[in-house]
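Undergrad: Got a structure for you, written out below as structure tokens; questions coming shortly.
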Amino acid sequence: MANHMQFGFQDASSPIMEELVKFHDHALMTALAICSLVLYLLTMMLTEKLSSSTVDAQEIELVWTILPAIVLIMLALPSLQILYMMDEINEPDLTLKAIGHQWYWSYEYTDFKDLTFDSYMTPTADLPLGHFRLLEVDHRVVVPMESLVRVIVTADDVLHSWAVPSLGVKTDAIPGRLNQTSFTATRPGVFYGQCSEICGANHSFMPIVVESAPLANFENWSSLLSS
């Protein structure tokens, strides 16, 4: 859960998000090294007396051609690896369908017979003590912990986006099209997200709440909801 004084990412709760945080730190340190080098060279040029270089111009050209190529490779390889990890979905343990409406979400657990429900934002007047305003819903999405969950995302009217930052997922919901993503919650907890595509007047009022629970708790919840 993010707060108003937070400058970094939320705590990672899935392997994909952990990799994204690592890549962010890797790219940030690379950018910091480049900026430090450029600042040092500018300082030297402004403070030192100009003198003729004893290094051959061809050698300099070789260095400033090879070094940027190495930096780009250092950034591209882990980036491509994460892209393939995010796109690869092998034998999911659970399939969840998320349908965006103006302005609420509908969910269908396709592995179960009659497990469907709508998820609306809880009004401030009905909000229980200690819950988050504009982020809590009347029906949470419950998923089993440490299980691969495939999410099929679509929309019924306009463009929406199903996004939960702690789990590292953000997928556009497009009418007439099925997009898919996946995640594995590595710990129990409640993870909050919001629609991330401007979809109308009440775009800010269609939150997403994913609750990760042990398998036994998930089975009890699904049996109660479907009965």
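A Cβ is built for glycine as well, from the same backbone N, Cα and C atoms used for every other residue.
Feature table excerpt (TrEMBL):
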DOMAIN    1-90  domain 'Cytochrome oxidase subunit II transmembrane region profile'
TRANSMEM  27-46  transmembrane segment
TRANSMEM  66-86  transmembrane segment
DOMAIN    91-224  domain 'Cytochrome oxidase subunit II copper A binding'
Undergrad: Limited to the domain 'Cytochrome oxidase subunit II copper A binding' (91-224), I'd like the whole-number average of pLDDT.
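TA: Its mean pLDDT is 92.
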Undergrad: Could you break down the residues of the domain 'Cytochrome oxidase subunit II transmembrane region profile' (1-90) into DSSP helix, strand and coil, giving a count for each?
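TA: Per DSSP, the residues of the domain 'Cytochrome oxidase subunit II transmembrane region profile' (1-90) fall into 64 helix, 0 strand, 26 coil.
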Undergrad: For the domain 'Cytochrome oxidase subunit II copper A binding' (91-224), jot down how many residues DSSP puts in helix, in strand and in coil.
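TA: Across the domain 'Cytochrome oxidase subunit II copper A binding' (91-224), DSSP assigns the residues as follows: 19 helix, 63 strand, 52 coil.
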